[in-house]
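Structure first, commentary second.
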2 protein chains.
Amino acid sequence: MRELTVNLEERSYPIYIGEGLLTRAGDLLLKHGLSTKSPLLIVTDDRVGPLYLDSLTSTLEASGFNPVSFVVPAGEQSKSLDVFQSIITKALEVGLDRKSAVIALGGGVVGDLAGYVAAAYMRGVRFVQIPTTILAHDSSVGGKVAVNHPKAKNIIGAFHQPELVLYDLDTLKSLPPREVRSGLAEVIKHGLIWDEEFVKWCDDNAERLLALDPEALGYALYKGCSVKAAVVSEDETEQGLRAILNLGHTIGHALEAVAGYNELQHGEAISIGMIGSAMLGVQLGAPIEVYERTRRALGLVGLPTTLPEHLNTDRIMEALMHDKKFGEGKLVFVVPTAIGKVEIRNDIRSEWIFAIVERLKREESWT
Amino acid sequence: MRELTVNLEERSYPIYIGEGLLTRAGDLLLKHGLSTKSPLLIVTDDRVGPLYLDSLTSTLEASGFNPVSFVVPAGEQSKSLDVFQSIITKALEVGLDRKSAVIALGGGVVGDLAGYVAAAYMRGVRFVQIPTTILAHDSSVGGKVAVNHPKAKNIIGAFHQPELVLYDLDTLKSLPPREVRSGLAEVIKHGLIWDEEFVKWCDDNAERLLALDPEALGYALYKGCSVKAAVVSEDETEQGLRAILNLGHTIGHALEAVAGYNELQHGEAISIGMIGSAMLGVQLGAPIEVYERTRRALGLVGLPTTLPEHLNTDRIMEALMHDKKFGEGKLVFVVPTAIGKVEIRNDIRSEWIFAIVERLKREESWT
């Protein structure tokens, strides 16, 4: 088992990564002082629940806890205020109190939703993350929790740090290959913004990662979480540095909005977005290898590196401008200056982005 | 103008109390660095809005701000997730961004609701409190914000401190006499838990307070806010000390639940609750004058000191037990040991409370 700490003074917490951790959940929760007198509320979805809910419940009961569960439909549509209110109703019915904890068992949707319940219920109760996807190594660390409004994603939320993150590698074995690849996009992103050595390591171990080799996967998640933890420790509430975690996300979010989730999963969209950002970096003076190595790293794990041609560039630009409204009128881009190094720029002209989006549709190589 | 500070390190903020402050709101918001580039969202209700919204909007516009407003129906039923979501929709439509602020113009309901919007929107934007009731001198200080669930009050919320509190005494002139008295209950409470001198002052100035004499009212609100600020500075998230602010509230909430708001307003319910707590204090060894002086202070401003006989004691006890569920199975009471001094007890037996509730119905004097 690997362990690392997110340093946030009195809100510091550990991340445990290893095989078989789900069966040790009871012990780990006891070790972290969670109350066995107050009920625990496990939130999961109807895809993950049938696989792991019984065994999690058993191990918690064996340690003297009193867990109850609430299962939501799998998928982004569960991140709504309606589902949020249903979970609060359940919490009231089972008598969740100030010493209780909410446990998220699932991917990013479950983590964000359950985390926002934990942040809001009685103005905040304890929270435990048990991520079951690779993508969630990103969302489960750092305390960003939220639900969606019909008109905007993640617009209703809080910063609410978990007590601990418990990453059982065994739960990743049930992931479909497309979700594995999508999750690796955020892993590689953590290398691209912070750690050149780790990008090399990802290149060299792409095959093992795709095969879900536990040793490789454990190391990759450990490194990814370490970068996330280091950034979050410096800037918990995104006053500055934390924005570097958005590498590829400005373009990526616009692509998601235009393409729809079925055509482009989050990791796929930010893969294309990161390549666009690398193009932008080169245009602003970074060496060409920044683009080439970004493209190579993402391609090696089977992520898309070009944009489906039928996606309309004007519509993508509109979606970008919609985001801009919330950046006080400026487009904000995270731009690589080298592999493992980025800067935040708000002087990017929309014509440049238009050209890059067009280029992403046809680019086979830079030259 | 009086000014005091709530000390919470980087979240410290001032409370301004005086006449004519609404017309200086633009200046004060500029002084505190609120952005004139990003829209401001004023939340008010349909009772306060018609009186003060135009003048607040004008003064903000004169200072270069770009205010928009959202008016909710007056009353507790607006503290719902539905109304919350409508305000978020409005915020999105007008392009509220991370540098924007939400302004609460109104009493406790508006403050709690608007504050929770400010806490949740984009995971937290700036917040300004402009209380227009005496009661709100309590709720506008300390950062507790929330909406109700159909099954529980204030169960969905956050701790979100304002940037400043702006208390214009002129806005209190429109308060109905019953609301003036109700508000004075929390003012006197702040004396009873913390400051014997101030309780004496309230006795001596009861007439002036009821007549809304600006000098007396300004001083009383200043003292009330000072006590609240001192307690909150010690214990922002109610880990311990902050619970003393609940003097009279355990019984008071149960009375509100059973009587309904039309029969007992919040201040009236806690007035009776504080007298019950004083009885409990005497029973536990405090001098009889603790009861007598509590009763006298509340009676002098016309607050009820006895419980309407038709309210069923069994139902009041049931409502108390409902609260108990959330105190990890214990009834928690704030009990005075002297005037200006209280302790927190969780060893109170429900038979004692039953006897006190019965006594509150007939008590004319202790002897």
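Quick reminder: no glycine exception, Cβ is built from N, Cα and C everywhere.
What TrEMBL says about this protein:
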type	residues	note
BINDING	B:GLY108, B:VAL109, B:VAL110, B:GLY111, B:ASP112, B:THR132, B:THR133, B:LYS144, B:LYS153	NAD(+) binding site
BINDING	B:GLU186, B:HIS249, B:HIS266	Zn(2+) binding site
DOMAIN	B:70-181	domain '3-dehydroquinate synthase N-terminal'
DOMAIN	B:183-325	domain '3-dehydroquinate synthase C-terminal'
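Locations of recorded TrEMBL features on the structure.
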residue	record	DSSP class
B:GLY108	NAD(+) binding site	helix
B:THR133	NAD(+) binding site	coil
B:LYS153	NAD(+) binding site	strand
B:GLU186	Zn(2+) binding site	helix
B:HIS249	Zn(2+) binding site	helix
B:HIS266	Zn(2+) binding site	helix
Highest CB neighbour count within 10 A among the binding-site residues B:VAL110, B:LYS153, B:HIS249, B:HIS266?
B:VAL110
For B:VAL110 (NAD(+) binding site), identify the closest of the binding-site residues B:GLU186, B:HIS249, B:HIS266, judging by Cα separation.
B:HIS266
Given the binding-site residues B:GLY108, B:THR133, B:GLU186, which one's Cβ is surrounded by the fewest other Cβ atoms within 10 Å?
B:GLY108
Treating G and I as helix alongside H, and B as strand alongside E, what does DSSP give for the domain '3-dehydroquinate synthase N-terminal' (B:70-181) in helix, strand and coil?
44 helix, 35 strand, 33 coil
Is it possible to get the count of other C-beta atoms within 10 angstroms of the C-beta of B:ASP112 (NAD(+) binding site)?
25
Distance between B:LYS153 (NAD(+) binding site) and B:GLU186 (Zn(2+) binding site) at the Cα atoms, whole Å?
19
Alpha-carbon distance [B:GLU186 (Zn(2+) binding site); B:THR133 (NAD(+) binding site)] in Å:
12
